[in-house]
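What TrEMBL says about this one:
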- 13-117: domain 'Dihydrodipicolinate reductase N-terminal' (DOMAIN)
- GLY19, ALA20, ARG21, GLY22, ARG23, MET24, ASP45, GLY87, THR88, THR89, ALA114, PRO115, ASN116, PHE117: NAD(+) binding site (BINDING)
- 120-250: domain 'Dihydrodipicolinate reductase C-terminal' (DOMAIN)
- HIS144: active site, proton donor/acceptor (ACT_SITE)
- HIS145, GLY154, THR155: (S)-2,3,4,5-tetrahydrodipicolinate binding site (BINDING)
- LYS148: active site, proton donor (ACT_SITE)
Amino acid sequence: MTDEQEKGATGPIRVGVLGARGRMGIEVCKAVDGAADMELVATVDQGDPLSAVADAGAQVVVDFTTPDVVMDNLRWCVDQGVHAVVGTTGFTGQRLDQVRGWLGGRPELGVVIAPNFGIGAVLMMQFATRAARHFESVEIIEQHHPRKLDAPSGTATHTARLVAAARAEAGLGPVPDATADEVAGARGADIDGVRVHAVRATGLLAHQEVLFGTIGETLTIRHDSYDRVSFMPGVLLAVRAVPGRPGLTLGLDPLLD
Ligand SMILES: NC(=O)C1=CN([C@@H]2O[C@H](COP(=O)(O)OP(=O)(O)OC[C@H]3O[C@@H](n4cnc5c(N)ncnc54)[C@H](OP(=O)(O)O)[C@@H]3O)[C@@H](O)[C@H]2O)C=CC1
Ligand SMILES: O=C(O)C1=N[C@H](C(=O)O)C[C@H](O)C1
């Protein structure tokens with residue numbers, strides 16, 4: 001262990017941020033810098049060497065980059081023995097299995113991957129999962145800023161999977177829908193049988209509605225992030241927790257219990 005790493009073992013958590021000059025990365029750097037129990041030791045963006053993270057003796061990496069580079073970053077973290085907190089989207093079941101496979105060889109390492117670090121968003125997903133069994137109809141409408149690269153959002157995709165699993169467990173059949181003549185895309189994306197609609201508009205940041213329907217009533221569960229600071233308490237919570245949570249943690253839920 002280097003002197004730097006030795007210091008980190010007893011002092012503040014030494015944190016490296018990947019995607020540090022991005023919209024989320026800038027906020028994460030500010031939040032880590034302002035946390036008394038953390039030290040921001042490395043900031044890496046496109047074109048910077050990942051070795052800066054290892055050289056600085058980072059114990060935890062926070063990744064807010066892009067879906068096309070996040071897997072390489074995670075592989076590197078696992079190889080280097082650095083815990084990781086990941087907010088970047090694009091995690092399919094196959095990708096998650098791959099990460100579990102890597103972690104199999106490093107039983108001391110923790111990785112937290114959360115589609116949304118907003119506490120309200122986590123609760124919105126929990127409430128939607130709870131409601132799912134009681135309504136024959138459900139659709140998800142997510143709304144984001146127009147610079148977002150992926151659609152639908154990671155949060156909407158995750159919500160759709162949770163809702164679909166809860167419906168299946170309750171023995172509900174397909175969502176009723178008689179559409180026979182559709183302009184392509186009009187009914188949104190089909191994620192595990194749940195329709196997901198993605199809106200992009202200037203002025204929005206990150207918003208989602210889960211609309212449930214049954215005979216004579218609807219229920220709308222809505223969450224709005226108006227500022228990226230809304231994600232920071234969840235990110236800091238995960239940074240504190242990840243060294244003590246070996247293996248893959250998916251979502252913030254277990255950290256909030
Ligand atoms: N889980 C959550 O709570 C949240 C998740 N997100 C997700 O986080 C991700 C980032 O979002 P956002 O900050 O808005 O996006 P940005 O595009 O603003 O930030 C991404 C940053 O990563 C940089 N980057 C690209 N490749 C690399 C690389 N190989 N190594 C290091 N940095 C790299 C980009 O550089 P360059 O621009 O030069 O390509 C950019 O600065 C998205 O997937 C988004 O959906 C966002 C908000 C909340
Ligand atoms: O890109 C964003 O901005 C966001 N991305 C995440 C997602 O895709 O769900 C989280 C949040 O919606 C903001």
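A Cβ is built for glycine as well, from the same backbone N, Cα and C atoms used for every other residue.
Nobody curates TrEMBL annotations by hand; they come from automatic prediction.
Owing to the predicted nature of the structure, the values given are computational and were not obtained by experimental measurement.
Where TrEMBL records a feature, it is marked here on the structure.
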| residue | record | contacts (Cβ under 8 Å, 6+ apart) |
| --- | --- | --- |
| GLY19 | NAD(+) binding site | GLY25, VAL44, ASP45, ASP63, PHE64, THR65, THR66, THR88 |
| ARG21 | NAD(+) binding site | THR43, ASP45, GLN46 |
| ARG23 | NAD(+) binding site | ARG147, ARG228 |
| ALA114 | NAD(+) binding site | VAL85, VAL86, GLY87, VAL122, GLY234, ALA238, LEU250, GLY251, LEU252 |
| ASN116 | NAD(+) binding site | VAL122, MET125, GLY154, THR155, HIS158, ALA206, PHE231, GLY234, LEU252 |
| HIS144 | active site, proton donor/acceptor | ALA151, SER153, ALA198, VAL199, ARG200, LEU204, LEU205, ALA206, HIS207 |
Using Cβ atoms only, which residues of the same chain lie under 8 Å from LYS148 (active site, proton donor) while being at least 6 residues apart in sequence? ARG200
If you run through the domain 'Dihydrodipicolinate reductase N-terminal' (13-117) with DSSP, how many residues end up as helix, strand and coil? 39 helix, 25 strand, 41 coil
Would you mind checking how many other C-beta atoms are within 10 angstroms of the C-beta on GLY154 ((S)-2,3,4,5-tetrahydrodipicolinate binding site)? 19
With H, G and I counted as helix, E and B as strand and the rest as coil, say where DSSP puts HIS145 ((S)-2,3,4,5-tetrahydrodipicolinate binding site). coil
Taking DSSP helix as H, G and I and strand as E and B, the domain 'Dihydrodipicolinate reductase C-terminal' (120-250) has 48 helix, 40 strand, 43 coil
What average pLDDT does the predicted model assign to the domain 'Dihydrodipicolinate reductase C-terminal' (120-250)? 98
Result for ligand 2 contact check over recorded positions ARG21, ARG23, ASN116, LYS148, GLY154, THR155 with Cβ cutoff under 6 A is ASN116, LYS148, GLY154, THR155
Find, among the binding-site residues listed as ASP45, THR88, the one whose Cβ has the highest number of other Cβ atoms within 10 Å in the structure shown. THR88
Other residues near the (S)-2,3,4,5-tetrahydrodipicolinate site, CB within 8 A of the CB centroid of HIS145, GLY154, THR155? THR89, PRO115, ASN116, GLU142, HIS144, LYS148, ASP150, SER153, ALA156, ALA206, GLN208
Candidates near ligand 1 among the recorded positions HIS144, HIS145, THR155, judged by a Cβ under 6 angstroms: none
